[in-house]
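Quick look at what TrEMBL lists:
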BINDING   N202, D265  Mg(2+) binding site
TRANSMEM  12-32  transmembrane segment
TRANSMEM  38-57  transmembrane segment
TRANSMEM  85-102  transmembrane segment
TRANSMEM  148-168  transmembrane segment
TRANSMEM  180-197  transmembrane segment
TRANSMEM  209-228  transmembrane segment
TRANSMEM  234-253  transmembrane segment
TRANSMEM  274-297  transmembrane segment
TRANSMEM  342-360  transmembrane segment
Amino acid sequence: MKLIKQYFSNSSFLSIALISLISIVTITIDSLKKQGSLTLILFTAIIICSISTSLGIKKLKQLKLNQVIRAEGPKKHRAKSGTPTMGGIIIVPIGIIIGNLFTFNGTFHHQVLGISTLTLAYMFIGIIDDWRSYSLNTNSGLKPKGKVILQAGAGILFLLWANSQGLIHSNISILKNHSIYFGELIWVIALFLLIAESNATNLTDGLDGLASGCGAIVFTGLAIELILQDDINSYKLASFCIAMAGSWLGFLVKNKHPAQIFMGDTGSLSMGAALIGVALISNTLWSLCIMGIIFLIESVSVIMQVGIFKITKQLNGQGHRILLMAPLHHHFELNGVKEVEIVRNFWFINIIFVILSFLLRST
């Protein structure tokens, strides 16, 4: 029992286990669908991104693009100071290139191209944010208002393009043969979700391997959902998702605890944008909400922490915090839970909710 516990508290073992699990998923799908390309896409992305990340670490260190640690953050995180960041600038373009190369032929490629453009736009917002943090030697980066304006601008351009292509659904599919009609309100919802999801993935990127692992899990979950739709359009989007999942798994090899590189806002913002872009076009928003439960919980924990503090301060003159620190993963850290164990448990919960999403869709 002790040996098993040691294995499941080892970041290398957990990373290999996650890569193996997702590999089994793609191999199973390929054997059932007689396609044989998802596994090829996955391993192409994993291998190229793993090698590129190793090479990129050296380059980022030379450029001295190191993570600035929050002064008010957990004290243990001060040891992470000096770790190179902006890893997303390596991973995201590779994932996009692989995703497009494997879906270039035939119809519906414009959908993958549109999502890729959105992802790159959010990556550039992340670059601006990370560069500002680096140049000012602060963890804050862009001011919240400025970041939201840039996110909204990129989101509006994407939605205008999607509208011109007739890709946005006014009916959001909920359960099997059930949907909710939102009419013109869908545009407000879509823009809100674009901004919210990219910020949620950004907030989740606070522990070694947490966001990269969860991202790979959710991209894989969406890919399975799309494969079940059983049409050529969905298969192309699924291929893009697997390319992104493989890219983040390749990154995880060096991002697991103790991390040798961080994705930065460059990676986390683009991750959320890609997820929402796929979900909007494929009408899998409901599934993404369930599969992305960790992103949702992390985001809500921050909103509740700030909201309750402000309300209690206004009522009592002294703010009250419901968590030791937000986002939620820091609360567990300050309660003495090891970083690797938090990441392991969050990954496990994420996988459970991906499975739950499929069970709900079948009812």
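Sequential numbering from 1, following the chain as shown.
Using the three backbone atoms N, Cα and C, a Cβ is placed for every residue, glycine included.
Because the structure is a prediction, the values reported are computed rather than measured.
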Least surrounded among the binding-site residues, given as N202, D265, when other CB atoms within 10 Å are counted: N202
Intrachain neighbours beyond the transmembrane segment (234-253), with Cβ under 8 angstroms and 6 or more residues off its ends: 15, 18-19, 22, 26, 35, 37-38, 41-53, 87, 90-92, 94-96, 98-100, 102-103, 106, 108-109, 111-112, 115-116, 209, 212-213, 215-217, 219-220, 222-224, 226-227, 261, 263, 267, 271, 274, 278, 281-282
Per Cβ pairs under 8 Å, the stretch of 12-32, 38-57, 274-297 packing most closely against the transmembrane segment (148-168): 274-297
Any contact, the transmembrane segment (342-360) to the transmembrane segment (38-57), with at least 3 Cβ pairs under 8 A: no
